[in-house]
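Quick notes on the structure that follows.
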Amino acid sequence: MSILLFITAILFSILSVVSVKIEKSIFNPLTIFCAEWSIIILLSATAQKLYRCSFETYFYIIVGVLFFVFGYYFKSKFFRSIINFSVTGKRNYSCNEVEYIPRYSLLNFLLFICIIIYAKDVLFVTSRVGLFQLGTLQRMLQLGTLVIQRSSIENFLFIFLVEPLTFSAPAIIAADFWFGKRNKTSIIFTFIMLLLRMLSTANRSAFIIFFIFIIISGEIALNKNGKLLEHIISKSQNYKLRIMGASIILIFAFIFMTMARGSSVFFNITQNFSIPPQMFEIWKEKVDDLEIFGYGSASLMGVCFPLFYILGNILKIIYPNNILSVYNLINLTDTQWVWVGKKITANAYVSVFWFLYTDFRLPGIILGMFIYGYIASSLYNKTLKYKDAKHVSLYCIMFYSILYSFVRMQFSQARIILGLIFISLFAYRRGNLKKEKL
């Protein structure tokens, strides 16, 4: 089986490289997804300290990756040429006459509310743990010996405002950094919010995500018709200063948080990329034992939870039993530590495939990954075509969901869905590109 998995990993790597050639960018969804899962399969199959997975588990993963590829190239020039349909012309990434401009006043007001709520949380944990004791804080939060106290109103704001904005604001600011006016207040407020979140949760992921979003937005900004504008980089001091300044700040923040937590970065990264197949198998067996079918609610719990939260708290409508069972099981994957090796325990990292399996078993993986690939391709192509701040920020969210597909189906989280809604409906106003530049 190891030889077969090794060959599969090589094939996925080849697909990743071919996608770079086709898309003229290393940050296209297919390259990231195939490269990531080739690494995961290889590390998982060769890890000496982890329990071995069954071939069935790897089969589900391989099928899922392949149908993501099929969905990605569905209706595309590449796919049509394979199945002998007519192909005419090249993709035209023309400029759009409409520009999307952030509503800075609204954004800054909401960021300020988030800062106040996070500051309250920091004061709470500092009074019990101390400042910058991130390693201790993380252990206490994981063990449940420290629980941040919030009122019902604060809980509502945290679910429907703080968490969605903590996730979506970095995408908005990253796009604004390259395509907009680089509003200083928004940048400062976002950085303060992320710093306070890190101090109250011992979680550095928000800074990592921010850094990724800046890189993605920058690559799109410096890319025209598939060619990097090297002459702009070489001549524009502003571009250099922006990249250098953002990189220094975010790298420093990442190093500081790692040192404060006292963790080994290399060990954590290697383990995180090794365990998804094992975690998928463990929790897949749990789903089979409980005979749970999500019927879409597992993958789209990010839609279900806010809806039933409002209905339950305002209209006192009780959660449907099936959705409640799926919701509790999803939470259990995050909170319950399981043995993935003789001396290794882990939580989360069940991967996107577990959610689709929970919904409809193998047909769920096939259909779900096909749709996922199709949506990723459509949004990526629209982003390249219009190259405006709104599409770039939306693509940042999609890129994140693909990059972290080894953790979970990201659309099962309310903060992702609500963040997408905020970007799509509230974060931007439309303006005429020509008028705005006069």
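Going from the start of the chain as shown, residues are counted 1 onward.
Cβ from N, Cα, C; glycine included.
The transmembrane segment feature in TrEMBL is assigned to 29-45, 57-74, 101-119, 156-178, 185-200, 206-222, 243-260, 292-311, 323-340, 360-380, 392-407, 413-428.
Segment contact is absent for the transmembrane segment (292-311) and the transmembrane segment (57-74), given fewer than three CB pairs below 8 angstroms at sequence separation of 6 or more. Below 8 A, the CB atoms of the transmembrane segment (29-45) and the transmembrane segment (360-380) form 3+ pairs separated by six or more positions in the chain. Tertiary proximity for the transmembrane segment (156-178) is limited to same-chain residues at least six positions away from its ends with a CB under 8 Å from its CB atoms, namely 102, 107, 110-111, 113-114, 117-118, 150, 186-187, 190, 193-194, 197, 206, 209-210, 213-214, 216-218, 220-221, 242, 246, 306, 309, 313, 389-390, 392-394, 396-397, 414-416, 418-423, 427. Counting C-beta pairs under 8 angstroms (sequence separation of 6 or more), the transmembrane segment (392-407) reaches the transmembrane segment (206-222) with 3 or more such pairs. Scored on C-beta pairs under 8 angstroms, the neighbour of the transmembrane segment (413-428) with the top count among 101-119, 323-340, 360-380 is 101-119. Counting residues 6+ beyond its ends, the transmembrane segment (323-340) has Cβ neighbours under 8 Å at 50-51, 275, 278-279, 282-283, 286-287, 290, 292, 294, 297-298, 301, 304-305, 308, 346-348, 350, 354-355, 358, 408, 412 in the same chain. Long-range contacts of the transmembrane segment (360-380) within its own chain (CB-CB distance under 8 A, at least 6 residues past either end) are made by residues 23, 28-30, 33, 60, 63-65, 67-76, 293-296, 299, 352-353, 391, 394-395, 398, 402.
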